[in-house]
Amino acid sequence: MKIAANGRFFTIGLVASWYSSNIGVLLLNKYLLSNYGFKYPIFLTMCHMTACSLLSYVAIAWMKMVPMQTIRSRVQFLKIAALSLVFCVSVVFGNISLRFLPVSFNQAIGATTPFFTAVFAYLITFKREAWLTYFTLVPVVTGVVIASGSEPSFHLFGFIMCIAATAARALKSVLQGILLSSEGEKLNSMNLLLYMAPIAVVFLLPATLIMEKNVVGITIALARDDFRIVWYLLFNSALAYFVNLTNFLVTKHTSALTLQVLGNAKGAVAVVVSILIFRNPVSVTGMLGYSLTVCGVILYSEAKKRSK
């Protein structure tokens, strides 16, 4: 009985850590890029990936949290590099969108990921779902259309970036299912991050130097005036790794259904917390639109489960 209770507390603690790190990194990204005025989303993403590279190595090679899996061929490496590029695009575009959009609206758009996943799965693998599954995507898209039309802080460029980030995130999940589908090439999410993060840094470094000129010099100058920026960047980057770590652990210690429910609720919690902190204006119509999208996502998950 005591072991079961301890296990329950451990799972609750894991879920709380997962929520805190997810919502924390989102809010801190928004604060840095928008409120603090640190307008360098590519450099910020590079900091995240550098932390993920270092901390992944510590967790796997030193702490042995999971067994280390090796890359077995050049083809497998190229597949991981392709995934890493799409992953980079999704994170960078997501961070760019946070400069222009409130977190609440950003999350509403992000909730349309199942729509893009279904589209890419059909276009790339010709995988067709049951008609009922496609029908449940109607409220997902309709909700975002309603939320967009009534969003007081709507910004077209931010909106396009957020849609692109959501589409890239969906594309990565579809490609991952195709590229790493054979038993010999399958990697757990911790090992995949161990290899993807350094490759992402290689992609992001030239992009940062070309598109965000002298960002290192600007950051050093900022640190001289306000050293808090260094702590913000270090904490934010470590938090970005803990999002992945807690996501892996929650997946391992809960069922797929529990994870789905928690994932849907997480977006709603992030919306409420961000509105309370940033006090961005929201409309009743916008919140109804977001609620419709979340309901659509829940129906979509249920329809997919039943069609299996």
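Here, residue 1 is simply the first one shown, and the rest follow in order.
Note that Cβ sites are derived from N, Cα and C of the backbone, with glycine treated the same way.
Confidence for the domain 'EamA' (29-147), expressed as mean pLDDT, is 95. Summarising the annotation, Swiss-Prot assigns domain 'EamA' to 29-147.
Residues or ranges marked as transmembrane segment in Swiss-Prot (evidence: sequence analysis): 9-29 (among others). Within the chain, the transmembrane segment (9-29) has long-range Cβ neighbours (under 8 A, six or more residues past its boundaries) at 44, 95, 98, 103, 106-107, 232, 235-236, 239-240, 242-243, 246-247, 249-250, 253-254, 262, 266, 269-270, 273-274, 277-278.
A Cβ distance under 8 Å defines the sequence-distant neighbours of the transmembrane segment (42-62), meaning residues of its chain 6+ beyond its ends; these are 29, 32-33, 68, 88, 91-92, 95, 190-191, 193-194, 197-198, 200-201, 204-205, 207-208, 211-212, 215-216, 219, 233, 236-238, 240-241, 244-245. What Swiss-Prot lists as transmembrane segment is 42-62 (among others).
As annotated by Swiss-Prot, transmembrane segment applies to 77-97 (among others), with the evidence given as sequence analysis.
Positions annotated as transmembrane segment by Swiss-Prot: 100-120 (among others). Listed as Cβ neighbours of the transmembrane segment (100-120) (distance under 8 Å, sequence separation of 6 or more from its ends, same chain) are residues 26-27, 30, 34, 94, 129, 133-134, 137, 140-141, 143-144, 147-148, 151, 153-155, 157-159, 161-163, 165-167, 169-171, 173-174, 267, 270-271, 274-275, 278, 280, 282, 286, 289-290, 293-294, 297, 300-301.
The feature transmembrane segment is assigned by Swiss-Prot to 130-150 (among others). Listed as Cβ neighbours of the transmembrane segment (130-150) (distance under 8 Å, sequence separation of 6 or more from its ends, same chain) are residues 105, 108-109, 111-112, 114-115, 118, 159, 283, 285-297, 299-300, 302-304, 307.
Residues 83, 86-87, 89-94, 96-97, 99-101, 105-106, 109-110, 112-117, 119-121, 124-125, 148 of the same chain, all 6+ positions outside the transmembrane segment (154-174), place their C-beta atoms under 8 angstroms from a C-beta of that stretch. Annotated transmembrane segment per Swiss-Prot: 154-174 (among others), in sequence order, evidence recorded as sequence analysis.
Annotation source Swiss-Prot lists transmembrane segment at 192-212 (among others).
For 229-249 (among others), the entry in Swiss-Prot reads transmembrane segment. Remote same-chain residues near the transmembrane segment (229-249) are listed as 14, 17-18, 21-22, 24-25, 28-29, 31-32, 36, 38, 44, 47-48, 50-52, 55-56, 59, 66, 188-190, 193, 219, 222-223 (criterion: CB distance under 8 Å, separation of at least six residues from the stretch ends).
Under the heading transmembrane segment, Swiss-Prot lists 258-278 (among others). Remote same-chain residues near the transmembrane segment (258-278) are listed as 15, 18-19, 22-23, 26-27, 30, 35, 102-104, 107-108, 110-111, 250-251, 290, 294, 297-298, 301 (criterion: CB distance under 8 Å, separation of at least six residues from the stretch ends).
Annotated transmembrane segment per Swiss-Prot: 281-301 (among others), in sequence order.
Residues 102, 104-105, 107-108, 111-112, 114, 133, 136-153, 260, 264, 267-268, 271, 275 of the same chain lie 6+ residues outside the transmembrane segment (281-301) yet bring a C-beta within less than 8 angstroms of a C-beta in it. With helix defined as DSSP H, G or I and strand as E or B, the domain 'EamA' (29-147) counts 93 helix, 0 strand, 26 coil.
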